[in-house]
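Chemist: Quick paste from TrEMBL:
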- 160-167, 186-190, 208-211, 300-302: GTP binding site (BINDING)
- THR167, THR188: Mg(2+) binding site (BINDING)
- 154-322: domain 'Hflx-type G' (DOMAIN)
Amino acid sequence: HTMKVPLENFSKKGLFGSGKVAEIKGTIDKLRASGKPITRIFISKGVILGTQKRMLETIFNLPILDRYSMVIQILRLHATTAEAKLQVAMAEIPYIWGQTRPKNATMGKLDDLVLSDSQRILLSDREKKLKKALESIRGQRKLLRKKRQSRNFPIIAVVGYTNAGKTSLIKALTQEVTLQPKDQLFATLDVTAHSGHLPCKLEVIFMDTVGFMSDLPTELLECFISTLEDVMLADVIVHVHDVSHGNCTEQRKHVEITLRELVNKFGEAHALDNIINVGKKVDKLPEDQRAASTDLHLISSQTLEGVRDLLDAIEKIILARTNRSQITIRVPMGGQEISWLYKNATVVDTEADPEDSQYLMLHVVIADSTFQQFKHHFLKGRKSSG
C-alpha cells in the first residue's frame, strides 16, 4: 500500500504532524483488519533521524525503513563476494553512527539511542578494520588494471541507474550466454569484466558496474568507490537508460551528476566526452516516443535491434581514443612479420597479394605506437600500404 504524505519540514520529532500520524495509523489498522500482512513501513527519504525513527516505530509498532536502510538491506541480499560483503558492511557503519546520539551531547529523552563506551570502541574498531580491508582491495584492483593496461585491451564501462538493463546490454554486445541479467535493484554489486569484440575484431573488455540511485547520502557511494574507479579509467562510458521507465529523465540527470562527482572525487582531468547514451527496453516504448529519442542509441536486448549500430559507435570512439588505425600491411609469406602482428595487433583479415604470390596483404587494427615498433623492426625502408 502506498500513501503520499506532504511534509512541512524534516525537523519534526515525529517527522509528520499529529494529524498525519493518526491518518497513517488508521490506514495501518484498516489493512490489518482486512487480513493484509504488514511487515514494515518504508519512508522514501534519504535518512530519517534516529529519534524520528524510534518514535514512529513505537506509534505504529512496525519497523521503519528510510532509503538508506532499505538500500542496505537490498545490497546485503545481493552481496555474494567477499568484496561486496565488505562494501555493504562499511556502508552500514555511518548509518549506525548517524542513528545514535553522541555521548557528550546534551541529555535527551528516553528515545535517544546512546552507545556505551564498549559499544563505541567495538564499532570504531570494526570501521577501521573494514576501511583497511577495502583499501587492500583497492590496491588489488589497481594491480588488475595495470595488468589489463599492459595487455592493451580497451575498456568500456557500462553505467546507469539501478535496474536500467546494464547486464542484459553487455550480454547482447558480447553474446556471453552465461550472463544472467536479473530484474532487481542493485543486482550487480561487483564490477565484473566481460570480453567482447568490436566489428573490426578488436578485443575489448566490458565492465559491468554497480547501479546508481538518487537521494542517497555520499557515505553510501564512498563505500563503492573502488568499483567506480573503473568508470573513470575507461576508454568509453556507455550510459544505459531504461526508456520505458516513467522517471527516465530524472534518472539520467542523477547518473550524470554522479559521474561529475566522481570526476571531482578522483581529481581526474576528465571531460566526460567519451559517453555514449543508450536507450534500453525500446521494445516497450511507443513508436512516437522512439522518434523523440534522437540523442539515444535505441537498443532491444530481446531482438538485438540497434546492437550493431552501437558497436560501430563504440568502435569509432575506441579507435580515436586509443590512437588505433585500420591499415593494410604487405608482408612476405612465412616471414616473422606475420607472427609479430598476430601477437601485437589485431589481424582482421589476410589475403594473397594479387601482384605477387610471395606476399600477403594483412588488414590489421594497430596502435600508432605499435606500428612505429613494427616499422623499426621490419620495414627499414620497405614500403607498406595503408
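Cβ from N, Cα, C; glycine included.
Since this is a predicted model, take the numbers as computed values, not measurements.
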Chemist: Out of ASN163, THR167, give me whichever of these binding-site residues has the highest number of other Cβ atoms within 10 Å.
Modeler: THR167
Chemist: Note down the number of other Cβ atoms within 10 Å of the Cβ of LYS166 (GTP binding site), including every protein chain shown.
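Modeler: Taking every protein chain into account, the count is 29.
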Chemist: 10 Å Cβ neighbour count around GLY160 (GTP binding site)?
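Modeler: Other Cβ atoms found within 10 Å: 23.
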Chemist: Fill in the CA-CA distance, THR167 (Mg(2+) binding site) to SER301 (GTP binding site), as an integer in Å.
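Modeler: Pair distance, Cα basis, whole Å: 10 Å.
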Chemist: Around VAL210 (GTP binding site), how many other C-beta atoms are within 10 angstroms of its C-beta?
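Modeler: Other Cβ atoms found within 10 Å: 23.
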Chemist: Tell me the coarse DSSP state (helix, strand, coil) of ASN163 (GTP binding site).
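Modeler: DSSP assigns ASN163 (GTP binding site) to coil.
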